[in-house]
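TrEMBL lists 1-35 with the feature region 'Disordered'. What TrEMBL records for 1-31 is compositional bias 'Basic and acidic residues'. TrEMBL lists 66-85 with the feature transmembrane segment. Residues annotated as domain 'M23ase beta-sheet core' in TrEMBL: 159-252.
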Amino acid sequence: MNRRVQEVRKRIADRRKNGGKEEKPQRKFSYDDLISDEENYSGERFPTYEYNPESKEHHPLFSPQWFLFKLLTSFCLVLIVAILFRNPAVQLDGARAFVEDTMEESFQFAKMSAWYEEKFGEPLALIPKSVGEEPTEEANSQYVVPASGNVVETFASSKKGVTVETGSQTAVQAMDAGFVKSIEEKKGFGKTVSIQHADGSESWYSGLANIDVKTFDFIEKGQVIGKVKAEGNDKKGSYGFALYKDGKFMDPSKVISFE
C-alpha cells in the first residue's frame, strides 16, 4: 500500500514540474507499417530487398560492374571506328562502308537537327551558329542557286540531274542547310558531294575541283562547297546538280532557276 502511495505522489510531483502536462510516449514512424497497410488495402505485395551495409553489397537495381562494362564497350567501339578511318588499308574498306552506311542511312542528322530545333527552339550545340549576323534576303528564300549559268544538259535527257555551264573556279553553294552525307565517286556523276536535308531529300554536286567540306559537316544554306573545275581554255567550266528523294531523282529546274 505504501509503495502505491509513493508512486502516486511521485507522479504528482513530476506533473507539477512539467507544468501540469503529462508526457505521452511518442510512437515512432515505421515504413514497414506503412507498407503493411498499403499491402492490406491494395491486395498486392511489394518486393523487398535486404541490404546490409557491412556486406558492401550494392542495390540490386544498379550494378557497377555492368555499368563499367558498358562504358568500356562504348569506348572500345569509338576507338575501333577511329582506327578504321585513320588506317587507309584496303582490307578495312568493308568495315568503313558499313559504319558510313549506318551513320548515313540509319541515323539521319538533318532530320534529328530539325526535330530538335522545332521542339526546343535552338539548334543543337554541335551545330555552329552565326552570332550577330542579320538574315539576308537570300537566306530567307526557299533555296539558293548553287551557281548561276546555262543549263547545257537538262533533266529530260539525263533523267538524273542537270549540267550547268559557268565560269571556271566559280564557287558552288549549298542549296539548303543539311549534313554532308558522303563525298565519293558516283556512277555517271564523278566525284560528288551529297548533302542530306531536313525533309529527307539529298542534293548532289559534282564536277568540283576543290571541295571545302568533309563528311558529316553541317552546312548552312548558301555555304560554299567547292569550286567548278576548269575545262580546256580555263575560262569555262561546268558542274552537275541533282536532287534525290524517296529513291528517285527529281527535276532541279522545277525548284531552282539557274539563269
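Residue positions begin at 1 at the first shown residue.
Each residue, glycine too, has its Cβ placed from N, Cα and C.
TrEMBL labels come from automatic prediction, so no person has curated them.
Beyond the transmembrane segment (66-85), the same-chain residues lying 6 or more positions past its ends with a Cβ under 8 Å from any Cβ of the stretch are 92, 95-96, 99.
Averaged across the domain 'M23ase beta-sheet core' (159-252), pLDDT for the predicted model comes to 88.
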